[in-house]
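Report on the following structure.
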Amino acid sequence: MAFPLKDDLGRAKDCWGCSSDTPALSTCSNADIFRRINAMLDNSLDFTGVCTTPNTKGKCEHLQDYPDTEGAAASRMLFSTSHEPLPRGLPDTNDLCLGLQSLSLTGWDRPWSTQDSEAGGQSSTPTAAQSVFSMLNSPMGKPSPLGFLPLDPIGSDLVEKYPTHLLRSSRFDSRSILDSRSSSPSDSDTSGFSSGSDHLSDLISSLRISPPLPFLPLGSGISRDPLRLGVGSRLDQDHAALAAATASPLGITKRWPGTSVWPSWDLLDSADDPFSIEREARLHRQAAAVNEATCTWSGQLPPRNYKNPVYSCKVFLGGVPWDITETGLINTFRVFGALSVEWPGKDGKHPRCPPKGNMPKGYVYLVFESEKSVRALLQACTQDLLSQDGLSEHYFKMSSRRMRCKEVQVIPWVLADSNFVRSPSQRLDPSKTVFVGALHGMLNAEALASIMNDLFGGVVYAGIDTDKHKYPIGSGRVTFNNQRSYLKAVSAAFVEIKTAKFTKKVQIDPYLEDSVCQVCNAQPGPFFCRDQVCFKYFCRSCWHWQHSMEILRHHRPLMRNQKSRDSS
């Protein structure tokens, strides 16, 4: 059954109110597509009032019957970014939306209209032919005739109208709306047209329509005009509805737009090496060896005046003969008391056997059972007093099978050198504490505090990390009384210390504590990013998520040294 367009006098009318003698709507570029659509609908459409051949001789002058109101002008500017009124007259078919968006989304021709209450009591669905005719018989800017079924506004019941996989997009794209299928029941009047076959969808997608509705960035400082304000506010509500209706946040993030600066959770699922963070953290501990110092301290270390010092039971033995054995060491030093030997190993560990076929690295550690044994050993050593610094070096002569009377250096540790407090009443704040690594063995807590105070100021405490025998392990902590000094020290990162006896480059990092992840606040946060852009604790997943961004990939993680935690 055909549905001709007739006026009150029985004459065929086009959609602009013109007689059939002068076709008002030139659809020549889409004529073939309209004919094929009509054929698929069993010729239920009548295009009597629609031009199918080019016509440039005349234009409809009956537009003056409908005065240009502000709403009418705005309706013609639906996709225009300019505020200037369009010239009066018939627009080109490429500029007209032709209502084709209504095939996939109701209310496209009136997106800014508030029709919620208007359409609340009506539930009937227009037929396929009526949908096409409404697009031709209701010009934009012309009031709808009485009895016209109000269309739903954009965004109403989106969750019900569109499949879930289309809604899981972080950006409300008009292209996805046009490409989506209707959710009308299969037995409804519009099911065959709206859902249709793939061939029909291809025909509709071939039609030339105007550009999609431009979206204003949310949260931007650009003010919206009254026309766009309605659209934007409705879209803002739709964004909130979509976020609430989406079952899994993971589905949203996996479909994040490619232009977003935020990373995708897909990177978490495809981590090549789950222990890459630990490896980078271990490498960072030796960063002082490959990085240049940002500042240098040179001077004289504070003098040491000990009264009845107490020593660690562990001593360092440097310059030992290369062919020395553990048996030879025990036989040489057991005259001072019972002892054991710790050989240097990888990662600062000290196994109880010589490495690689009894070949030592030139130094070992002796661990006596009593502190009195250390005192006896030092009394048997020769001392070289170091002028000005008040330091003294201890040397002991020993022999091996191939070396006779070899002098080895004995370096003890005074327990009082492990901590230095400048202000006993000052509360120590871990958030203003730095970790100092790669310390020289001659640096005690007082010397470390003096150097850091000269460089950054505000030092209230310095401590040297020790093992279970209370012997230093080459790292320390410094606490400041203000945030500025703390940040200056962290920013310095690498400091070179020059004295008359040694030159050493130390490494400064934030002091780490046991903390929860400061991103998700759910998992433990063993990884810390020292870059000022982040400067927080992360769990493994949150670290990969944040640092998968290209601008943050160069950040290196920090981890607490398990050995220092157990020993100090």
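For all residues, glycine too, the Cβ spot is worked out from N, Cα and C.
Among the candidates His554, His555, the one that Swiss-Prot lists alongside Cys529, Cys534, His547 as binding Zn(2+) 2 is His555.
In this structure the alpha carbons, written CA, of Cys542 (Zn(2+) 1 binding site) and His555 (Zn(2+) 2 binding site) are 14 Å apart.
The secondary structure of Cys542 (Zn(2+) 1 binding site), as reduced to three states from DSSP, is helical. Counting only residues at least six positions away in the same chain, the Cβ atoms of Cys529, Asp531, Val533, Cys534, His547 sit under 8 Å from the Cβ of His555 (Zn(2+) 2 binding site). For Cys520 (Zn(2+) 1 binding site), the Cβ neighbour count at a 10 Å cut-off comes to 13, with all displayed protein chains included. Counting residues per DSSP class in helix, strand and coil order gives 23 helix, 35 strand, 24 coil for the domain 'RRM 2' (432-513).
Close to Cys539 (Zn(2+) 1 binding site) in the fold, though at least 6 residues off in sequence, lie Cys517, Val519, Cys520, Ala522, Gln523, Pro524, Gly525, Pro526, Phe527, each with a CB less than 8 Å from its CB.
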